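A.B. asks: Take this structure first; my questions come after.
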């Protein structure tokens, strides 16, 4: 009897590429989402760096008054930004080949669209890559669900809000002072501080920070000491050890006595779910609030809600906020508007009640 051993034909180039892309043995997992993520994020990053350093001023309001945003045009790290594309462009897709020249493309803020479109696609693929790696490793898929909260926020300020307002010039500038300007104008036009979804977002972010500090301090304070008093307690932990590194019973007992028993978790899994869900749900609501205000479903308006017996207004803090909003609104885009929109849209007071009779 003769046994024949035949070497398996080597995989072709495409199969080797597929195996490399989906391999979990790589130092950094690539994945099929990564095939899109890497070039798009690289394009967005390179364009952002170049534009932040050297882009010429952009006619953001479409009234031939360019706004400088780059370092070489007089800005610093705090005041610098990639200025959003011009209001003259509106919501039109404005790639380089749509402009008559590179100078025109830069003047109308073309780099802003290039950056945000590549960034949003790359960031979305990053979320897909999180799911893909979890799937390959047999993990549950909740990491990408948590990441969806900041991703939804990015979509809200860079895409949904400009769509609702009718122009990418209303998108958030890519810089520190530009972000502050975006926030101030947003408050002036939409009263975001009085929107319940934004309030839930504040509770999510600040509450998440509080719970993170509480959890970290409780765990650090209830470590099971494996070292001497002269050594750091951190040396008592070995990566991959089977034993618990802190005493959850002690932490539960401490916190239950500090507040009350049922304020403390006695289940580590439900505790960590709560730590993740609180912040994620809060930021989801904040992104949803931005997306609703994009279409002018604004925050609560309690102006002139308290009056005396004679009908005179008794000012509340809501009226003070309203005056601040009007002040901010008249200050922004000074040369693009004669009046803030709230004043311009009010009913006009008639000067003459009836038309004069003309004899002759």
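Even glycines carry a Cβ here, placed using N, Cα and C.
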A.B. asks: Can you dig out which of the ranges 86-101, 102-117, 118-133 Swiss-Prot describes as transmembrane segment?
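C.D. replies: In Swiss-Prot, residues 118-133 carry the label transmembrane segment.
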A.B. asks: For the quinone site, Swiss-Prot lists 264, 265; sort out which one of 215, 304 goes with them.
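C.D. replies: It is 215, as the record lists it for that site.
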A.B. asks: Same topological domain name for residue 135 and residue 296 in Swiss-Prot, and hence the same side of the membrane?
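C.D. replies: Topology check (Swiss-Prot): residue 135 vs residue 296, domain names differ.
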A.B. asks: Checking feature assignment: transmembrane segment per Swiss-Prot, candidates 52-66, 67-81, 142-156. Which range matches?
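C.D. replies: Result: 142-156 is the stretch Swiss-Prot calls transmembrane segment.
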A.B. asks: With Swiss-Prot as the source, which of 175-196, 197-218 is set down as transmembrane segment?
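C.D. replies: In Swiss-Prot, residues 197-218 carry the label transmembrane segment.
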A.B. asks: Rounded to a whole number, how many Å is the Cα of residue 215 (quinone binding site) away from the Cα of residue 190 (site 'Stabilizes free radical intermediate')?
C.D. replies: 36
A.B. asks: Counting other Cβ atoms within 10 Å, pick out the least crowded of the recorded positions 118, 190, 215.
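C.D. replies: Ranked by other Cβ atoms within 10 Å, the recorded positions 118, 190, 215 bottom out at 215.
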A.B. asks: Take the topological domain 'Cytoplasmic' (1-28) and average the pLDDT across it for me.
C.D. replies: 79
A.B. asks: Compute the C-alpha separation of residue 264 (quinone binding site) from residue 190 (site 'Stabilizes free radical intermediate'), stating it in Å without decimals.
C.D. replies: 39
A.B. asks: So what's near the topological domain 'Lumenal' (157-196) in sequence-distant terms, Cβ-Cβ under 8 Å and 6+ beyond its ends?
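C.D. replies: Beyond its ends, the topological domain 'Lumenal' (157-196) has Cβ neighbours at 48, 52, 60-62, 69, 77-87, 89-91, 109, 112-113, 115-116, 119-120, 289-296, 298-302, 318, 321-322, 325-326, 328-329, 332, 340-341.
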A.B. asks: What is the number of residues in the topological domain 'Cytoplasmic' (219-273) that are helix, strand and coil, as DSSP sees it?
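C.D. replies: DSSP composition of the topological domain 'Cytoplasmic' (219-273): 27 helix, 2 strand, 26 coil.
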A.B. asks: Can you give me the Cα-Cα distance between residue 118 (chlorophyll a ChlzD1 binding site) and residue 190 (site 'Stabilizes free radical intermediate') in Å, rounded to a whole number?
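C.D. replies: The Cα atom of residue 118 (chlorophyll a ChlzD1 binding site) is 28 Å away from the Cα atom of residue 190 (site 'Stabilizes free radical intermediate').
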